[in-house]
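K.L.:
Below is a structure I'd like to ask you about.
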Amino acid sequence: MNIDLAHYLSQMQQYGVRRLLVLSGQAAWCRQQALGFTRQYSGDWLWIADTPLPNYPHLQRKPEAVQNLLGSEFHHAVFDASNGINAESLIAVSGTLSSGSLLVLLLPEWGSLEQQPDNDSLRWSEAPEPICIPHFIQHIKRQLNADSDVLFWLQNGEFTGQLLAERKVWVKPDGSPTEEQQHLLDSLLRADAGTYVLIAGRGRGKSALAGMLAAQWAGKGECWLTAPAQASGNTLQQWAEGKVSFWAPDALLAQCQAEPPQHVDWLIIDEAAAIPAPQLYRLISSFPRVLLTTTVQGYEGSGRGFLLKFCAGLTDMHLLNLQQPIRWANNDPLERCIHQLLLVEAENSLSEKPGKLQQIVEINQQQLMGNENRLNQFYGLLTSAHYRTTPLDLRRLFDAPGLSFSLGLDDKQSVIAALWLVDEGGLSPDLAREVWAGRRRPRGNLVAQSLAAHGAEYLAPQLRSVRISRIAVVSSLRRQGIARTLITQQIERAKLRGLDYLSVSFGYTEELWQFWQACGFELIHMGSHREASSGCYAAMAIVPFSRDAVLLARRAKRQFLLNQLLSCVKLHHVNDIAAAELAEEDWRELAGFAFAYRTLEASQVSLYRLLRHQVAICHSLRPLLEGQMTVELLLKQGNLNGRKALMQQWRQEVAEALLALDSERCHYWKNWVVARLPVISPAA
Ligand SMILES: CC(=O)SCCNC(=O)CCNC(=O)[C@H](O)C(C)(C)COP(=O)(O)OP(=O)(O)OC[C@H]1O[C@@H](n2cnc3c(N)ncnc32)[C@H](O)[C@@H]1OP(=O)(O)O
Ligand SMILES: Nc1ncnc2c1ncn2[C@@H]1O[C@H](COP(=O)(O)OP(=O)(O)OP(=O)(O)O)[C@@H](O)[C@H]1O
């Protein structure tokens, strides 16, 4: 069957809008029909798929490589979701399509979508194999079926699609600034100093506005431009009429460090949310006026997160906004449909005047997905409060296993507090030891596995626990005890379920730690590096219930404190805490370092104890831990070609030291680590 889309396309062109066309059936059939369109109708026909098409004459990209198309523009695209649906990529591609474009979405056979495993789930479900995504599919079907502007062509079925209802013919802006752009331009041209953050949806004319600024400033002084990829600055460059110098972010940072530019009036940072925050702060401090542009859409590095986290740390910051789309007309069917599918506007569903907490409901995934309004408010609250919330979380919410939720509702049943929980632990003793030894790191079980891999708790993954993945309370109702009430209820529930502990992993800030402490949590581990995304150290805390968990918390805390001490004082000061006698736990730890893959950080307390013995020569590890040599010097001195080789050497040195110290014990623990003896400690 041949489908004639000419009428649809000319109407879309006339109205300046884009539409979604769903092709559903066997993958080969879908591809064949989509290829037919690419030959029949002229356009850029960007093709997004996991596996490239041979001899395809247009641009192709894998879904995960779509981010670097930001700022580019295409006429028509095919998005092959036959093997899985990458939500961020789908949003990003739809934003690049110009007026009159079709987005052709390829899906497996419509009637059995619920039974199709989704490869994308490997990114978010924490399951070892792709899983089916029945809740998300039900949601997609509900949304697409209810949207009369979506065109459908099902294999073995009819083509269904209506022409659009009549609307005004679209007149594309003519090249002079739109009213909104002119208004902002005027204030930027008058700016003395400061950081200006332009946040708007896709295709609102952000980059063009920044380019207009550069072009018009040219008479007064100089503008520089940086962007995560040169392509993302293309539109801007065109509008700047060549009057702006482009710098890659790294090169610009190096330049600012070597010689801070004195003569440059403006730095423009296009697609700023895709540049790590620490780099942005450094760039901003080197220029008197900075204009940052970013979108508000829900993919990684989105503007909303940017607003929450990054902009909160700026002084003299001015927020600017553009509402009217320019790449397409107002009320665009594709934009609307994608926003509904992926809850891009979920924040808008939150109550404007939330009331006091009336009720807490505990619900499972099915119940949350079955109530569209609640789902929107729940996800909207997370998006508004957590800078890291992305469509990946949405996919997780729908279909990841082991989730449960607790919602705080006001008198109108509006969501005012959200708690998201994940079951963890219960690993077999052997797998738990593999995790401890650093040989395996199965997906999931974040806290349970970290306690074993980074702490000394080789038993931790066997215990059963529940982790708080996210918690948020609407901002106007904070500090009224709502979050604490939700958590107290979960503590009781977890005890009733016979779990060992409740846990949380969070980016450490003084305020958040006070909050978790007020809810009864004990800090048991802290990462040693700041995370690039948040600039915070990852902290882990638990509320232990069972005897095993109480002991675990006590040991983990002690270990954590010793580690902290060791990182701030020199060896000879820690003699008291690092007693010379090696306990059985030290032997286990040291064997884990020597004969498996335990990390230097996790093992450092035991390593210090080992070094108290003169027989432990450790000719390269000793000077490092005693603070006489750096890793760089050791690498140079040993003529080694990387840290991996040095690490291998340290493991070998520790193995030799253990053998020299007590060969019998060394063999026992080596066997325990390598030959995988039953997990029972020997009598000391
Ligand atoms: C795993 C994760 O989700 S980590 C991220 C946590 N979530 C967020 O950061 C999202 C944004 N923040 C929020 O939504 C809220 O501020 C929450 C969820 C952190 C706290 O919710 P609230 O309902 O305000 O907390 P609640 O009122 O129950 O506070 C209990 C106690 O914690 C402490 N506390 C709470 N917030 C703070 C704060 N900002 N600074 C210092 N102490 C605090 C106080 O001791 C407080 O008791 P008090 O008010 O009587 O002194
Ligand atoms: N005043 C204008 N007149 C005509 N065309 C314009 C005008 N402003 C912007 N455009 C065009 O509209 C399209 C969208 O503009 P632009 O790329 O600046 O938007 P954006 O908000 O930066 O989009 P994105 O979020 O996708 O990067 C571009 O093709 C741009 O050249």
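Backbone N, Cα and C define each Cβ position, glycine as well.
These came from TrEMBL, pasted as-is:
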type	residues	note
BINDING	Gln181, Arg327	ATP binding site
DOMAIN	361-543	domain 'N-acetyltransferase'
BINDING	Ile471, Ala472, Val473, Glu511	acetyl-CoA binding site
K.L.:
What other residues of this chain sit with their CB within 8 A of the center of the CB atoms of Ile471, Ala472, Val473, Glu511, the recorded acetyl-CoA site?
P.N.:
Ala385, Arg478, Ala483, Phe515
K.L.:
Between Glu511 (acetyl-CoA binding site) and Gln181 (ATP binding site), how many Å separate their Cα atoms?
P.N.:
39
K.L.:
What binding-site residues among Gln181, Arg327, Ala472, Val473 have a C-beta sitting less than 6 Å from any atom of ligand 1?
P.N.:
Ala472, Val473
K.L.:
Can you tell me how many other Cβ atoms are located within 10 Å of the Cβ belonging to Val473 (acetyl-CoA binding site)?
P.N.:
23
K.L.:
Where Ala472 (acetyl-CoA binding site) and Arg327 (ATP binding site) are concerned, what is their Cα separation in Å, rounded?
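P.N.:
About 35 Å separates the two Cα atoms.
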K.L.:
Based on the record's binding annotation for acetyl-CoA (Ile471, Ala472, Val473, Glu511), what whole-number value in Å is the widest Cα to Cα distance?
P.N.:
15
K.L.:
Between Val473 (acetyl-CoA binding site) and Arg327 (ATP binding site), what C-alpha distance do you get in Å?
P.N.:
36
K.L.:
In whole Å, note down how far the CA of Ile471 (acetyl-CoA binding site) lies from the CA of Arg327 (ATP binding site).
P.N.:
37
K.L.:
For the binding-site residues Arg327, Ile471, Ala472, which sit with their CB under 6 angstroms from an atom of ligand 2?
P.N.:
Arg327
K.L.:
Which residues of the same chain, at least 6 positions away in sequence, have a Cβ lying under 8 Å from the Cβ of Ile471 (acetyl-CoA binding site)?
P.N.:
Ala417, Ala418, Leu419, Trp420, Ala483, Leu486, Ile487
K.L.:
Please give the average pLDDT for the domain 'N-acetyltransferase' (361-543) in this predicted model.
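P.N.:
Reported value for the domain 'N-acetyltransferase' (361-543) is a mean pLDDT of 91.
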